[in-house]
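Engineer: Before I ask anything, let me first share the structure, which is written out below as structure tokens.
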Amino acid sequence: MEASTSLLVLVLAAAAFAAGTVTEAAGDGCSAGCDLALASFYVTPNQNVTNMADLFGIGAANYRSLAPYNPNIPNLDFINVGGRVNVYFTCGCRSLPGSPGATYLAGAFPFQMSRGQIYTSVAANYNNLTTAEWLQATNSYPANNIPDTAVINATVNCSCGDASISPDYGLFLTYPLRAEDTLASVAATYGLSSQLDVVRRYNPGMESATGSGIVYIPVKDPNGSYLPLKSPGKGASAGAIAGGVVAGVVVLAAIFLYIIFYRRRKAKQATLLQSSEDSTQLGTISMDKVTPSTIVGPSPVAGITVDKSVEFSYEELSNATQGFSIGNKIGQGGFGAVYYAELRGEKAAIKKMDMQATHEFLAELKVLTHVHHLNLVRLIGYCIESSLFLVYEFIENGNLSQHLRGMGYEPLSWAARIQIALDSARGLEYIHEHTVPVYIHRDIKSANILIDKNYRAKVADFGLTKLTEVGGTSMPTGTRVVGTFGYMPPEYARYGDVSPKVDVYAFGVVLYELISAKEAIVRSTESSSDSKGLVYLFEEALNSPDPKEGLRTLIDPKLGEDYPIDSILKLTQLAKVCTQEDPKLRPSMRSVVVALMTLSSTSEFWDMNNLYENQGLVNLMSGR
């Protein structure tokens with residue numbers, strides 16, 4: 001059996017073990033953790049968000065997944081020294097080394113020590129979220145005898161709430177106090193002055209603390225609501241939330257990091273894809289071609305069948321992009337930069353990804369080597385030398401976000417917008433309904449819908465894609481929340497629940513964008529604190545005494561008067577159905593495609609009676 005398959009078995013076994021044991025009583029301190037906690041990271045000079053994401057096990061390449069928890073930061077690429085960034089993590093119930101009965105709540109993050117490092121220097125990396133004394137207490141290495149190559153647990157304490165204090169709060173921020181802070185001032189910062197007595201009860205003995213120590217503050221989720229406390233399981237300490245699956249993820253992360261570290265030193269060869277124009281299986285080649293510093297352990301593409309995808313050399317990609325020059329750079333995403341190139345007579349877009357983005361690289365490679373559709377961007381090939389590279393067909397007309405809000409683009413006609421919506425819906429319908437397994441994109445937004453020279457749309461950027469078995473409707477709860485703020489439905493942002501209806505919700509937001517050309521989050525001033533979601537704005541218009549007039553205030557001014565208001569009203573109603581809070585009430589992408597076909601057709605001879613499951617949606621679009 002291939003190494004990758006063995007690793008998968010190990011992962012599944014560990015997950016089953018964690019899920020089965022984590023909710024059992026583990027001692028007097030706690031018996032279970034919770035899916036989600038936040039840490040307030042104080043920004044000092046020479047720090048950036050990628051560093052913070054790396055310290056908390058999120059991965060530097062995934063730093064943009066912090067955006068939903070930081071609505072007051074307009075751009076995570078520019079953070080102010082002296083400010084604070086909220087970082088999410090799993091709050092687990094853990095035991096002190098050698099004392100399984102002594103338990104505590106904390107996030108634990110594998111930290112690779114280097115020569116000369118001590119617990120004090122590790123604590124300094126976390127900016128008072130932990131201490132040298134606490135690191136020594138939660139690790140097995142003596143402070144004066146830490147091996148140079150040791151991987152320790154960097155532990156950050158957290159809270160899951162307490163039912164005896166309040167059932168209204170289930171999400172907490174670990175906040176390290178600074179000289180200017182008191183418990184009362186921090187509570188006021190988070191709008192909890194009226195609940196100061198409750199905050200005090202969560203932080204006994206901290207009322208007079210200033211300048212040092214940690215306090216736990218109830219905070220709102222990305223949708224602006226307080227998460228209620230989940231009912232603790234039997235044997236759980238007050239306020240503990242059952243989080244078996246997520247705790248399993250923490251265990252797996254540690255296992256995975258250990259495997260990476262071990263194979264970095266021991267790997268002798270790697271399994272790589274064989275270049276071929278035809279469908280091929282993987283072969284093995286000598287490590288003379290790919291060194292451990294380039295690819296660690298087994299090739300990350302092991303086990304993937306590549307259908308007509310070419311393995312390019314680094315030299316060929318470098319030559320085609322003038323050494324990945326600024327002049328060839330055409331974009332920058334959360335997982336890497338994109339460069340224009342001409343390869344073997346074809347225009348191409350090359351995404352250059354950091355080695356730490358292996359998960360996203362694999363996800364995208366796996367989807368696009370198995371799934372082929374007119375409305376999905378086409379993968380030409382890949383490269384795994386020096387960095388991770390994906391080579392796509394070049395779509396020369398930019399993305400939908402640029403056409404709606406960028407400079408130098410001709411306004412999109414209403415007919416073009418409907419066609420773009422239909423093309424995008426067809427791409428999503430294909431991955432939801434016609435692939436085995438079913439794929440869930442998880443990051444549908446206007447920036448990930450590419451427009452070709454004929455103004456036809458293709459869905460792109462599959463780096464966050466999840467998959468599920470045929471007939472499955474959702475992924476396990478506790479999935480790490482990634483994606484883009486403003487496009488995430490409530491069940492995903494709050495609980496990590498993943499199903500195809502996550503994409504349906506995001507697509508509904510894109511429909512609102514097509515109507516209004518506004519961003520998913522609309523800021524009425526330069527201050528990001530004064531903002532509203534596009535979903536809210538349209539619901540407000542639809543609930544007004546005259547919905548058509550309400551909508552006119554939101555319609556893209558670039559359309560002028562060149563639009564049928566009835567068509568806009570119907571598309572708005574479709575978007576509203578897609579963005580319903582209850583995922584069960586949202587239509588499938590199959591029904592959305594039918595509705596858009598009806599809306600885009602001028603024919604009176606559509607036979608809608610035999611099409612798909614949502615006849616009411618069809619009737620809505622056809623005006624019946």
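Glycine is treated like the rest: Cβ placed from N, Cα and C.
Annotations per Swiss-Prot:
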type     : residues                                                                                                       : note
TOPO_DOM : 19-240                                                                                                         : topological domain 'Extracellular'
DISULFID : CYS30-CYS93                                                                                                    : disulfide bond
DISULFID : CYS34-CYS160                                                                                                   : disulfide bond
CARBOHYD : ASN48                                                                                                          : N-linked glycosylation site
DISULFID : CYS91-CYS158                                                                                                   : disulfide bond
BINDING  : ARG115, GLY116, GLN117, ILE118, TYR119, THR120, SER121, PRO142, ALA143, ASN144, ASN145, ILE146, PRO147, ASP148 : chitin binding site
CARBOHYD : ASN128                                                                                                         : N-linked glycosylation site
CARBOHYD : ASN153                                                                                                         : N-linked glycosylation site
CARBOHYD : ASN157                                                                                                         : N-linked glycosylation site
CARBOHYD : ASN223                                                                                                         : N-linked glycosylation site
TOPO_DOM : 262-624                                                                                                        : topological domain 'Cytoplasmic'
DOMAIN   : 324-599                                                                                                        : domain 'Protein kinase'
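Just tell me what is around each of these and how deep it sits.
Structural biologist: In this structure, CYS93 (disulfide bond) is part of a beta strand by DSSP.
A sphere of 10 angstroms centred on the C-beta of CYS160 (disulfide bond) encloses 31 other C-beta atoms.
ASN48 (N-linked glycosylation site) has a Cβ environment of 16 other Cβ atoms inside 10 Å. ASN48 (N-linked glycosylation site) carries neither a helix nor a strand DSSP state and counts as coil.
For CYS158 (disulfide bond), the count of additional Cβ atoms within 10 Å of its Cβ stands at 25 [all protein chains shown]. Secondary structure at CYS158 (disulfide bond), as computed by DSSP, is coil.
Under the DSSP three-state reduction, ALA143 (chitin binding site) is assigned to coil, being neither helix nor strand. In sequence order, ILE118, TYR119, ALA132, GLN136 are the residues of the chain that are 6 or more apart from ALA143 (chitin binding site) and have a CB within less than 8 Å of its CB.
For ASN128 (N-linked glycosylation site), other Cβ atoms within 10 Å of its Cβ number 17.
Cβ environment of ASN153 (N-linked glycosylation site): ALA108, PHE109, PRO110, PHE111, THR138, ASN139 lie under 8 Å away, each six or more residues apart in the same chain.
The C-beta environment of ASN157 (N-linked glycosylation site), restricted to residues of the same chain at least 6 apart in sequence and closer than 8 Å, consists of TYR104, LEU105, ALA106, THR130, TRP134, THR174, ILE214.
The secondary structure of ASN223 (N-linked glycosylation site), as reduced to three states from DSSP, is coil rather than helix or strand.
Model confidence over the topological domain 'Cytoplasmic' (262-624) is summarised by a mean pLDDT of 77.
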Engineer: Expressed to the nearest Å, what is the distance separating ASN48 (N-linked glycosylation site) and ARG115 (chitin binding site) at their Cα atoms?
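Structural biologist: Spelling it out, the Cα of ASN48 (N-linked glycosylation site) and the Cα of ARG115 (chitin binding site) are 24 Å apart.
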Engineer: Hey, how far is CYS30 (disulfide bond) from CYS91 (disulfide bond), Cα to Cα, in Å?
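Structural biologist: Per the Cα atoms, CYS30 (disulfide bond) and CYS91 (disulfide bond) stand 11 Å apart.
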Engineer: Counting only residues 6+ apart in the same chain, whose Cβ is under 8 Å from the Cβ of PRO147 (chitin binding site)?
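Structural biologist: Same-chain residues close to PRO147 (chitin binding site) (Cβ under 8 Å, separated by 6 or more) are MET113, TYR141.
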Engineer: What is the biggest Cα to Cα gap, in Å, among ARG115, GLY116, GLN117, ILE118, TYR119, THR120, SER121, PRO142, ALA143, ASN144, ASN145, ILE146, PRO147, ASP148, the residues listed as binding chitin?
Structural biologist: 15
Engineer: So if I draw a 10 Å sphere around the Cβ of CYS30 (disulfide bond), how many other Cβ atoms end up inside it?
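Structural biologist: 26, counting other Cβ atoms within 10 Å of CYS30 (disulfide bond).
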Engineer: Please identify which of SER121, ASN145 has the densest Cβ environment, defined as other Cβ atoms within 10 Å, among these binding-site residues.
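Structural biologist: Ranked by Cβ atoms within 10 Å, first place goes to SER121.
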